[in-house]
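Q: Questions regarding the structure given below will be posed in turn.
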Amino acid sequence: MRLILNTCLYYQKAFYRIRSRQINDTVTKLLNSKKEQSTNHQLIQRKENITNNDKILKIPRGTRDYHPNQMKIREEVFHTIINCFKQHGANTIDTPVIELTTLLKEKYGEDSKLIYELKDQDDDEETLALRYDLTVPFARYLSQNKISTMKRYHIGKVYRLDNPKMTRGRYREFYQCDFDIAGNYDPMIPEAECIKIIVEILDKLALGQYKIYINHRKLLDAIFTVCGVPDKLFRSLSSTIDKLDKNSWDVVRNEMINEKGLSSEVVDKISRYVHMNGNVNLIEQLRNDPELSSEKLSIEALNDLELLFRYLTLFNVMDKVIFDLKLARGLDYYTGVIFEAVLIQYQYNPQLDDDQIAVGSVAAGGRYDELVGKIDPKQRCVPCIGVSIGVERIFTIKEYQLTVINLIDIYIYPWKAKVSYVILGISLL
């Protein structure tokens, strides 16, 4: 009897192994078939466009329509984000989609070339532009209304004359979801709150494992100083280093030498620093650096980061944090702590095919204490810090995950027993 039972168990396990391989083969075939159908559809659509150009209705590049089922997902994401912002005491505001070009220019560094400029037909002297982000309009709002303390959130569309790529979450028209704290507070408490908000939102959305990279603009400036970079190149060089998340060091190095005019010795010295990353221990390592240890900006930045990491430890989120010296955030207005959240499974990789999802950061922000002062007619400064949630990139991932989950539904009945499989995140019931 035992021999018969063991024999049955052996054949049952063998059957499961065979069926598992068959299911894997089926999933692969279906995924390839779906990709082939999509390619064929695009070819047919392209052919129709060529033969019926005068009848084509289309939307501009970098924009898209959202159908009812897609809007349901988007509304759930917005609901999660807004609830978190409200729980942290923020009130919402709204600002115009168009602003004066003079307000937006020279606030974004090299990215200023991505601003959509318009012509005001009622005034030949005044040019307008579509807002590039929600931060500069918020600074204008604070200055214009003489507000010195505020917690606000703002959800609205912004526009960038970028090279769109949907699978990378890069659009020309897209929503931003911003949370900002304006006013004087104890050091690093607003920074810790913004990072805690990122953790709460990403945990609630359950998009997968993620890391939050943190750096300090003053520390970057100190590094540039000890490496021999001219002051006038600091902001421009930050934009170049910011490209390291999408380009190899060789590409960035060549830009520093050929476009920024830096010597190879200076660039190689910068390389030694920007390839450093770690946690709290890196603070002590940098404090012991013979050149950085005498720089005032470096001392201030490391003191800030040490205090911030203490708060994040109390919030129990330090396991998600990486202190990374190559994080630069290309926008000119940042002055202190900067941060960026990246989903590990969907982080950018130049080796991936264009149709594979790789969206890069899904949340980012930092301190911008001087922006209001640059806008205000009387140079009245209001210290600020904020975080922006990349809702379009989050939606791209959500949409992809639901597509994969709903791709296949297989039922298997060996010997009248219903077996459930989960393969590659695909529910097989």
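Each residue, glycine too, has its Cβ placed from N, Cα and C.
The domain 'Aminoacyl-transfer RNA synthetases class-II family profile' annotation in TrEMBL covers 61-414. According to TrEMBL, the feature L-histidine binding site maps to D133, L134, T135, R160, Q176, D180, R329, Y333, Y334.
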Q: Let me know how many other Cβ atoms fall within 10 Å of the Cβ of Y334 (L-histidine binding site).
A: 26
Q: Would you identify which of the binding-site residues D133, T135, R329 has the most other C-beta atoms lying within 10 angstroms of its C-beta?
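A: By the 10 Å Cβ neighbour count, T135 comes out on top.
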Q: Return the residues near Q176 (L-histidine binding site) by Cβ distance under 8 Å, restricted to its own chain and a separation of at least 6 in sequence.
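A: In sequence order, D133, L134, H154, I155, G156, K157, V158, S388, I389, G390, V391 meet the Cβ cut-off.
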Q: Given the model, what does the mean pLDDT over the domain 'Aminoacyl-transfer RNA synthetases class-II family profile' (61-414) come out as?
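A: Over the domain 'Aminoacyl-transfer RNA synthetases class-II family profile' (61-414), the predicted model scores a mean pLDDT of 90.
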